[in-house]
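**Q** OK, TrEMBL features for this one:
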REPEAT    65-107  repeat 'WD'
REPEAT    281-312  repeat 'WD'
REPEAT    324-365  repeat 'WD'
DOMAIN    357-443  domain 'Sof1-like protein'
Amino acid sequence: VVQMKVKVLSRNPDDYVRETKLDIQRVPRNYDPSLHPFEVSREYTRALNATKLERVFAKPFLASLDGHRDGVNCMAKHCKSLSTLLSAACDGEVKVWDLTKHECVRTLQAHEGFVRGMVVRFCGTSFFTVGDDKTIKQWKMQAPAYGEEEEPLNTILGKTVFTGLDHHQKEAVFATCGQQVDIWDEQRSSPIRSFTWGVDSFSSVRFNPVETELLASCASDRSVVLYDMRESTPLRKVIMKMRSNTVCWNPMEAYYFTSANEDYNLYTYDMRYLTSPVTVHMDHVSAVLDVDYSPTGTEFVSASFDKTIRIFPKSAGHSREVYHTKRMQHVICIKWSADNRYILSGSDEMNIRLWKANAAEKLGVLSPREKQATHYSQKLKEKFQHHPQIRRIARHRHLPKNIYHQTKELKIMKEARRRKEMNVRKHSKPGAVRVVSEKQKHVVTVVK
């Protein structure tokens, strides 16, 4: 018997034969790095082109929702429906919008004077409003049937004007602020608990979405006060150099919150260590009026008196994106949609604007090849993001002339202050001047 060893080529047709004539020809590739000596240079060129194309296709503005007859003062997202938005104006009018059709589906006269706060109940069946007429009103989310009058489900008359409102995430409890912070039960006409800490008035109040018993408020004495509903007194308060307009909790990290301040900055704090902020977010050139986190907790969006909207990574000191239009005036309120794809802004000139959270994102259904190409480009941009040419193109933003000049002016002022401090330290005796970090400058004191 003669034994022979025969070598046979064996190929699977599925690896190289098309299923139909409409399919793309399959090209075999050997990924051995020694066979691709110029791979890095090719990838760099692709990353540069992808960065340029991203800036070319960056068109964030989607739609304008007009219909209000006065400035938009506050907005509320629906807890269960992505396409529903509620907005309230300075003339006491509340509108319910269908975002898919870009039209108003319901209008009601909620208050006399400003609507100061609005929030949707956690189940999505009703919403609450507070106004200058010292009332808290609860409304049905469903529009009244034909022939029925538009009337609130419940009305509570308060002793003072309410300036803010928020609802508990799980229970039939809500909080209001004005001359004090009040906790209300939906079934009662008087607050079940009131908090004061020697403050004239409060401008906003927010429940923590993770640790649902905690809430924070901004006070007129430049402080941010923290509360626990289970306690009879406030927990802690941090007093800053200038007044905070509003505060927003991180929906993914229970202890972190961000406050929008009058000194053009935003401050992210860890509530366990209030002696200095975790991050100071700078870029605005006027007072920051509102802030809202993305559902992922990795970014937040801010609205400012300087007529711009900025998107900040939670741990970055400068914004990654700035949105503005010629017609948009002072931006009063801002919301990030629950699907993490859109941003809604309400401004002085009676308009609500819909923006993309990612300016260059392509909307609509993407084919598998488009998804793969987008993912590949994104990875390339991340790989080469620190190269000077790519970083310069990715960071460049066109700004209105007045904001550009104000930014330069603020930079010069900051440098002058820094030089002055250095000169004081240089000519003073050792130990006479206490060295203060940049973050600690903004905090006056922490009260327990």
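Heads up, the Cβ atoms here are built off N, Cα and C, so glycines get one too.
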**Q** In terms of Cβ proximity under 8 Å, which residues at least six beyond the ends of the repeat 'WD' (65-107) contact it?
**A** 113-124, 127, 129, 131, 133, 139, 141, 143, 332-335, 337-339, 342, 344, 346-354
**Q** I need to check the long-range neighbours of the repeat 'WD' (281-312): which residues 6 or more away from its ends have a CB within less than 8 Å of a CB in the stretch?
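**A** Apart from its flanks, the repeat 'WD' (281-312) reaches 245-253, 258-268, 318-324, 328-336, 338-340, 343, 345, 347, 355, 357, 400, 403, 406-407, 410.
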**Q** By Cβ distance under 8 Å, which residues at least 6 away from the ends of the repeat 'WD' (324-365) in the same chain are close to it?
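**A** Hits for the repeat 'WD' (324-365): 53-55, 57-66, 68-77, 82, 85, 87, 89, 97, 99, 102, 289-296, 299-305, 307-309, 311, 374, 399-400, 403.
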**Q** Let me know the model's mean pLDDT on the repeat 'WD' (281-312).
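**A** Within the repeat 'WD' (281-312), the model's average pLDDT equals 94.
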**Q** What are the helix, strand and coil residue counts for the repeat 'WD' (65-107) according to DSSP?
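**A** Helix (H, G, I), strand (E, B), coil: 0 helix, 25 strand, 18 coil.
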**Q** Taking helix as H, G and I and strand as E and B in DSSP, count the residues of the repeat 'WD' (324-365) in helix, strand and coil.
**A** 0 helix, 18 strand, 24 coil
